[in-house]
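Shown next, in structure tokens, is the structure this report addresses.
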Amino acid sequence: MRGSRPLYTVAFLIGLGIFIQAFALPAARSAQRQASAKPRLVIVLIIDQFRPDYLDRFGDLFGQGGFRRLIQDGALFTQAHFLHTPTFTAPGHATILTGSVPALNGIVGNYWWDYPRNTYVSSVGDPDRKLLGTDPGPAASPHRLIGTTVGDELRLSNHDRSKVIGLSFKDRSAILPAGKRPTAAYWFHTPTGRMVSSDYYFAELPAWVKRFNAEVRPDRYFKAKWDRILPEAAYARQGPDGSPFEIYSAYGRTFPYLITGGDTHPGPKFYAHFEQTPFANEYLFDFARAAIRNEQLGRDPFPDLLTISLSANDLVGHAFGPLSHEVMDLTLRTDRMIADFLSFVEAQLGLRNVLLVLTSDHGVSPIPEQMAARGMGRKRILLQQISEAVERALDARHGEDRWVVYYSNEQIYLNRPAIAAKGLDRAEVERTAGEASLTIPGVLRYYTRTALLSHPLPDDRVARRIQNGFFPERSGDVALVIEPFTFVIEESFVATTAATHGSPYTYDTHVPIFLMGPRVRPGRYYAPCSPADIAPTLCALLGIQPPSGAIGRVLAEAIR
């Protein structure tokens, strides 16, 4: 009998193994299917001008279904920084879905000087295209964007069976993330209060967009009141409402705000006011819902891509600054709107079939006068101060002329035809302009075009970001580095700009990145990363080729 006991044991273990395997194999296959599943819809939500510290400063006041849901169910990358400067809307939006930098994708700013045309141009302005949805006029397209985006690679992978659509209030914010050959891009037309597009994409607007526009939904908000969503005491963490530094909004300084634009009926003035309120975000989310329903996004085996950029957060931030009650309230309202939108998507498709990305195109500095009152920064530098200093220096050295033709993206564009006509040494003229700029308090250093083209820059973050933002055919001749919490501004914009962005400093480069959806491992991640990593990560999850200029890495730590 003793000798037979091991046989019973072996038989028992074999039976137990078969039993366990019978239950384990389906679970393993299920896990494998989940790991290999592709999302049916990718949504990239970009909040224009959104600092990561908003998540901590206001997090206790968030609801359950918005940012808090993303934090609990998604992957949050806390140390994401843009690799370039200038940190403006167009370069940021171009980076997110190309995975590249302005030095590669060519989008060096919202605007830059075009020497062949002898004028400044918009990053997406296209005089050869016509607007759709309003009276025909010069429109916009991605013709200045170089290389592919995630959407382009997605449509290349399946012969255009995937739909790719970009939405925003700003044309550049709708167009650049969607890429070169998307299904569509739509943006808000302030003079008429309608969503428009360009004949770059199609000959006429789809019927569902015409129906949406026919409702003239912005007019429903005429005389609407924007007040705090929570009791006033909850906003004490931001300091007093209407602080002495909040003097830049054309519509007042303190809650509540009556949304009329100072007009007696809906029209261009009202629409300009409307787009600087939370109601603009509500309207854009309504349009996004209409796009999902009418375009049947996520309804077939071929993954679709929808990009949504919320512009109101940027406009309110510029008018009131990041330490204001208005920015806090808009952030809280954005949280609720995201929750409502996710509930809609869940009801339509099931979030298990949706991959969501949330990020921003740049941060923002506090109002300069607020920081100067604390002994940091030098308030504002008027553009005229710099241009006059450069003009004087070059007049004294080379005779009178118009030496500065444009200033944008913290860069001086010099009169290259005059330099060539006089037979001057271009590098010497650039240095003279740079040295003259240094005489203005608040200008810390400069890099010339010649140096950027031919010499390695110092190995520091600021210099690397300037190099990554330099595209020879479109960048200026002298790139300036301005003191932190200080910015250069034209005199005509002083009265309407409280705070801005564009610098190489952390308050402008630091943004959040959220991922949530199939194969995403929830958690909080602290490793350094960049919004340039979003594109290759999405492509890895979609099983497609990364964009042509992508330099980012796959955020593998958050992928199952």
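Note: Cβ is positioned from N, Cα and C throughout, glycine not excepted.
From the candidate list Asn105, Asn110, Asn281, the residue TrEMBL records in the substrate site shared with Lys170, Asp171, Arg172 is Asn110. Annotated pair Asn110 (substrate binding site) and Thr89 (active site, phosphothreonine intermediate), C-alpha to C-alpha distance, rounded: 7 Å.
All protein chains included, Asn110 (substrate binding site) registers 19 other Cβ atoms within 10 Å of its own Cβ.
Proximity of Lys170 (substrate binding site) to non-local residues of its own chain (separation of 6 or more, Cβ distance below 8 Å) is seen for Asp48, Thr89, Trp187, Phe188, Ser309, Ser311, given in sequence order. Report note: the substrate site is defined by Asn110, Lys170, Asp171, Arg172, and the residues of the same chain whose CB lies within 8 Å of the CB centroid of those residues, excluding them, are Thr89, Ala90, His93, Ser122, Ser123, Val124, Ala140, Ser168, Ser173, Ala174, Ile175, Leu176, Trp187. Comparing the recorded positions Thr89, Asp171, Arg172 by how many other C-beta atoms lie within 10 angstroms of each C-beta, the top residue is Arg172.
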